[in-house]
Amino acid sequence: MKRSIVFIYSLVILLLSVGFIDAFKISIENHIKLSDDSSYQIGTGIYDITGPGAETNMMGYAMPGQITGGIHFRQRARAFVFIDSEGNRAVYVSTDSCMIFQEVKIQVIQDLQEIFGPTLYTHDNVLLSGTHTHSGPAGFSEYALYGITALGFYKKNFDTICDGIVQAIVKAHKSVQPARMLTQQGELWNSNINRSPYAYDNNPEEEKAMYDANVDKNMTVIRIEDMSGNPFAAISFFGVHCTSMNNTNHLISGDNKGYASYLWEKHANGQSSLPGTGPFIAAFGQSNEGDVSPNTRGPTCRDGKPCDYKTSTCNGKVEECWALGPGTDGDMFESTQIIGGNQFNKALELFNNATIQVSGKIQYRHTWKPFTNVSVEAPYNSGVEGATTCRGAMGYSFAGGTTDGPGAFNFIQGDNSTTNPFWNFIGGIIAKPTPQQTACQAPKPILIDVGMVEPIPWVPDVMPLQIITLGQIVLVAVPGEFTTMSGRRLRNTVREIIGQSIENPIVLIAGLANTYSGYIATFEEFQVQRYEGASTVFGPHTLGAYQQEFANLAQSIVDGSQADPGTFPRNMSGHTPFFLPPVIVDVAPKFDDFGDIYTDVSTTTPYSINQTVTVIFYGANLRNNFMTESSFLTVDQLQSNGQWTTILNDGDWDTKLYWKMHDLGFSLITVDWTISPITQPGTYRITHSGYAKKNPFSDNLTFYQGISSNFNVQ
């Protein structure tokens, strides 16, 4: 099988090239009995998960040419440990990553159990959720579909993500303190739209009439404070894609949710605080964002005319139809600021007005469910007798992309045909759909029969289903992207059952959690086969199966019974190769060294507010060392005592670091600093640090640093 995967990856590379384009035990006795059911112990932690800033395909848009070329601001894992008065505990982690893959969750649990033992933190009580930023490095899944454009499995990136999540949880574990939670809900408008209204409109009229909009406008915020009322953390849930940064971006970014976290943590910790240092931690968790875009100006053709409503095309071409964010002329950086800022401002408002006391037990249920042949019974089968899920398959519209990022090839949403030779060929050599598979997936025209590949399918087929209750807050961890209406139906299903034992439950979708299985559209949305329907892997009854199985988990909480643990998924370790060549050697020009200046700052004319300071260094490949919990750059201010103080680093919004390979084979590192209005007048400098591989026959790396000339800000 490994040889066949190697063959397929090699073939993909060929086709693209020709234009087809701490290791110690920590005591677990860290909790005390609390006196009532609204008192908890809560700990928080944050850690860097930023991956390779050079030469690595980015996860989300599946665009072969979207390769990392620097860092806008770093990506982080934010962890929360909750313990109730009986000692029951649960963990919620929000990561600035596109999603959580099965392999990540399994590795994180293994690592936690090596530290804490086998029973404290398990698959049952640890929930990992991705924000769905499309501006992070790919290659952290061993399932082939999610690694084709990444050229396989990048273990160094995978390890960085897993280690960062574990360290965030360890920090949270060590910081638990008596605490309480308050919550508040409210509506946030002008921050999300439905990107597939044609599919949404296919849902029943009476169901649509129950809601004010075709996307969820509701935001839920959890305020976490100590027993004196001093807040130290917050979690927000709001469904919107992290696609404010489009597929022309090459800088690592947390997108709008990462920026919202950055804003709140700066607000709470002080503007002079450096990112990721706490103590206040704010997570902007993902929810049912499947058909929800942050590009609120909507899709238009490049000539200014509206895109076709059904197919999102312009003159029959998907690549001409783009949705723009609210930034000036659709500027993606400004759009990220606006949508992220809107989420922060609304969350802060709800946080400051939170009055609903969270009280009750911490409970959790988890099962591993094989999802390729689930019999779906009434009332979840959409009235179809004998309804089942199917082995995984991707439809034609999957390759068409969305208005947030049209596909690389001319597929059309809602169209069942293509003449594109690349995807026809790839789909043909993987597996031919059987008549049974074709019938099961109908009306989806199968492009890539990912579930029929033997012996290992190209997508996960055993789903981790999980519910965690924090008092009346119910977190439903879904392993994929539920559309707006799918999320509403699932919340209603869980609320109806769990409301038998929890008064006034607040049911929340925690999206892209624990593994990733594509999209989950409603039965009706599936029929029109836009992108979300074509990417609903297990067929038209996928949502019904999720409703049915989550109903069973909710019922087990009501009954006080244990959930069936289910079938643990296959071990994927070592199944997927990596075809990105390693860094062979770094070189600098003959009369220069790493860290020397290529283009310096202005030393004669002072800079002003809103101007951008630029300096270019001779550097090395950013893949050598990811500078985890550190920085490739600093902006330093000269103090009156003659010492330098770092005021910004590469985790800050105001800086950008670009990596580029010069034609002569050396790396150029460009650092931009846009001077914000809160910057104090004075003398400044910019530094760049990194590691160079000087010897092609050794893996040893050499640290280097470059420092700009001093310059003034007036």
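Quick reminder: no glycine exception, Cβ is built from N, Cα and C everywhere.
When the residues ASN194, ASN246 are compared with Swiss-Prot, the one annotated as N-linked glycosylation site is ASN246. The recorded positions shown are ASN218, ASN246, SER293, ASN353, ASN610; of these, the one with its CA atom nearest the CA of ASN700 (N-linked glycosylation site) is ASN246. For ASN246 (N-linked glycosylation site), the spatially nearest entry among the recorded positions SER293, ASN353, ASN373 is SER293, judged by CA separation. Of all the glycosylation sites in the list ASN218, ASN353, ASN373, ASN571, ASN610, the shortest Cα-Cα distance to SER293 (active site, nucleophile) is found for ASN218.
Counting only the Cα atoms, the space from ASN373 (N-linked glycosylation site) to ASN353 (N-linked glycosylation site) is about 47 angstrom. The C-beta environment of ASN218 (N-linked glycosylation site), restricted to residues of the same chain at least 6 apart in sequence and closer than 8 Å, consists of GLN185, GLY186, GLU187, LEU188, PHE238.
Just so you know, the Cβ of ASN571 (N-linked glycosylation site) picks up 10 other Cβ atoms within 10 Å once every protein chain is counted.
A simple Cβ count within 10 Å picks out one of the recorded positions ASN246, SER293, ASN353, ASN373, ASN610 as the most packed, and that one is SER293.
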